[in-house]
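Participant: Please read through the structure below; I'll follow up with questions.
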Amino acid sequence: MARHLLLPLVMLVISPIPGAFQDSALSPTQEEPEDLDCGRPEPSARIVGGSNAQPGTWPWQVSLHHGGGHICGGSLIAPSWVLSAAHCFMTNGTLEPAAEWSVLLGVHSQDGPLDGAHTRAVAAIVVPANYSQVELGADLALLRLASPASLGPAVWPVCLPRASHRFVHGTACWATGWGDVQEADPLPLPWVLQEVELRLLGEATCQCLYSQPGPFNLTLQILPGMLCAGYPEGRRDTCQGDSGGPLVCEEGGRWFQAGITSFGFGCGRRNRPGVFTAVATYEAWIREQVMGSEPGPAFPTQPQKTQSDPQEPREENCTIALPECGKAPRPGAWPWEAQVMVPGSRPCHGALVSESWVLAPASCFLDPNSSDSPPRDLDAWRVLLPSRPRAERVARLVQHENASWDNASDLALLQLRTPVNLSAASRPVCLPHPEHYFLPGSRCRLARWGRGEPALGPGALLEAELLGGWWCHCLYGRQGAAVPLPGDPPHALCPAYQEKEEVGSCWNDSRWSLLCQEEGTWFLAGIRDFPSGCLRPRAFFPLQTHGPWISHVTRGAYLEDQLAWDWGPDGEETETQTCPPHTEHGACGLRLEAAPVGVLWPWLAEVHVAGDRVCTGILLAPGWVLAATHCVLRPGSTTVPYIEVYLGRAGASSLPQGHQVSRLVISIRLPQHLGLRPPLALLELSSRVEPSPSALPICLHPAGIPPGASCWVLGWKEPQDRVPVAAAVSILTQRICDCLYQGILPPGTLCVLYAEGQENRCEMTSAPPLLCQMTEGSWILVGMAVQGSRELFAAIGPEEAWISQTVGEANFLPPSGSPHWPTGGSNLCPPELAKASGSPHAVYFLLLLTLLIQS
């Protein structure tokens, strides 16, 4: 049940509670006034998991209206008094006037009152002085009517229990109201009063249940004056809009109000029974407030019980309910797998989500040549379920209102004519609530979905771990859009596969959903993968945004609470972040700032040349790596050596998310440079690389260094272990560079100055790259090391045309600002620099001249 404290809350008069937890103000021998009977409805012929009440069954039930609509329930306890919940009458700690409220009595349907129904204005509202919020108790209120109610068969007061009254644990009681029939699912027209049977739970049992991890990762301390009712397995409960209504129990032919609907965590969730205000606890306070009213509420003596009420044991253990969904004997043997058979079409794969409903893609049933509704002649349709001796017939097809061939709402629900008896062989998959947060690293697996071919290879190809939200959103989300925080619906869910994909395979004809496991329970997490060409699915539309629709249609789908909660500031970002810009070819240059040292430089490649040397490479596009020519080709060589490229390696270890990728090099492309051997080489890979946190292209910038960028040389500390290290550098202006090297440098050569203590961080034989991070977060490749120098790099910008023409998918960002280095002649070189080429002292002297030269 949605937390009732989220309702519009109003209250007016505050009054103390003398002796709130004391026994009755009357002795057990005192009798109530004879002129007021209570708790005896006239004989007659939602609430989560409930049903329509018969007219006149609950004549004390009232509807409290504010602003023209039903807000809360209440109970008539005397002709001039109504009992309800305090939280209904308070908004942000402010008490609202009683004159803004009205009470409807004798109402069965909010769409059409019964004979005898009438409305009364509210003269005063009284709440306990110590009420502050529902979790702290004292959640009750008394409403004094402006004029007495007209009593009759449809309007009659309920009995109230004395402080000494003891309701037996396990007693079947009834809650009533016009609240939501499920979370975020209002009671439909004609708004008939709902009733549901709930079992009273002892305080120790309730506390044990609420001490277990559950919805929203919250626990609760059950306080004196609180009462619990419901079932460990959930599915029957009060909900939003039922607040203030009565929980009544029959004893000796009378109905006593045991509780006032107060709050809960969700509606009908497992191991989260509803929490009610225990009316008996507040007998003295109620008597004090209504003193002088004639007739007042009736507190009859408790009828003699037929058996004693044993004291509930105080042990901390309790029998918790386990999920009834999502259990499979092994991955791939899914007991919820369903095949919808439509004459003349290939089977459509879906999933059993309740005893009576199957979820499948709506596109299976749409005519590609028509925008009309799917055919409604369902007599010939059949559904095949695991271990079922016969095919199930289809009674109804319900499409999502936004269903189409290629969007996130490509969903339909099929109702079976005969409900399935659930067993280990046939059970539904669990569905996530909207706030569900699938943890990075969760174990996931692809499952067939819709019409399509099966997997191309062993089942291990279907196994994956879930990427973190930042990576997934920035790879496949909208650039510049804020990354959803944990608990907010994500834009996409992204698997990182554990098994390397077979070279040359194509998954274009297969269709998949994404199942993810928590504590041994499988959830249908994602549906309809994003288009990925021949690659395995890279991203899925999250299902949790559709949970309310599925729940509304089925009224019984197994939406299950999150079962794994070990996340927080150390696991995933909890502050709002945005994604760097994309290019026309997609995301590039992404790196998580909090990445551990030595990992997650997703464009950094190891280029193994003919078994005798390893060069640094940079992934420019899914099928291309850039490296320094002098490292990958021997001087004078014209043949392509055997070269293998590795991505996603931090020394000897694979990255924790996204795993080692290897490709062969099938060709080497060099630009045409007159008279000189070009410093840069493009390596064409044998097949494209799946984009992931361990293999993602870097961005390129066509016009020098954007203002504000910070730059680094990225290489390896030792060539044998190849653990990545980054050395901070400043890129010198072209004028200083020309001064230092007397104009002997090839055009487009960059000079760098290492930060103090950074000179020897990287070994240079592998020709490391020069990178810069732009202010908005993107990383760009600026240059590759020149042979024999630690300070010189071949610039990428001048080769923009060649790279774009050769690669096609190179990620050049739009030019921003002006180049970092100004143009200028070497005739202005200070004499000290002109004589200092190669001298370390000259390099440090540059620090003193930086401001002068830049001016």
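Heads up, the Cβ atoms here are built off N, Cα and C, so glycines get one too.
From a predicted model like this one, the values you see are computed outputs, not experimental measurements.
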Participant: With Cys173 as one half of a disulfide in Swiss-Prot, pick the other half from Cys88, Cys239, Cys249.
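Facilitator: It is Cys249, per the disulfide annotation in Swiss-Prot.
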Participant: For Cys348, what is the disulfide-bonded cysteine listed in Swiss-Prot, choosing from Cys325, Cys364?
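Facilitator: Its disulfide partner, as Swiss-Prot records it, is Cys364.
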Participant: State the disulphide partner of Cys772 as given in Swiss-Prot, choosing from Cys699, Cys711, Cys737, Cys829.
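Facilitator: Among Cys699, Cys711, Cys737, Cys829, the cysteine that Swiss-Prot links to Cys772 by a disulfide bond is Cys711.
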Participant: So which recorded positions out of Asn92, Asn217, Cys348, Asn508, Cys739 end up within 10 angstroms of Cys534 (disulfide bond), measuring C-alpha to C-alpha?
Facilitator: Asn508
Participant: Is Cys615 (disulfide bond) helix, strand or coil when read with DSSP?
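Facilitator: Strand, per DSSP.
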Participant: According to DSSP, folded down to helix, strand and coil, what is Cys506 (disulfide bond)?
Facilitator: coil
Participant: Around the C-beta of Cys267 (disulfide bond), how many further C-beta atoms are within 10 angstroms, looking at every protein chain?
Facilitator: 31
Participant: On the 0 to 100 pLDDT scale, where does the domain 'Peptidase S1 1' (47-291) sit on average?
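Facilitator: PLDDT averaged over the stretch: 94.
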Participant: Under a three-state reduction of DSSP output, how is Asn130 (N-linked glycosylation site) classified: helix, strand, or coil?
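Facilitator: For Asn130 (N-linked glycosylation site) - judged by DSSP and reduced to three states - the answer is coil.
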Participant: CB neighbours of Asn402 (N-linked glycosylation site) within 10 A?
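Facilitator: I get 13 for this one.
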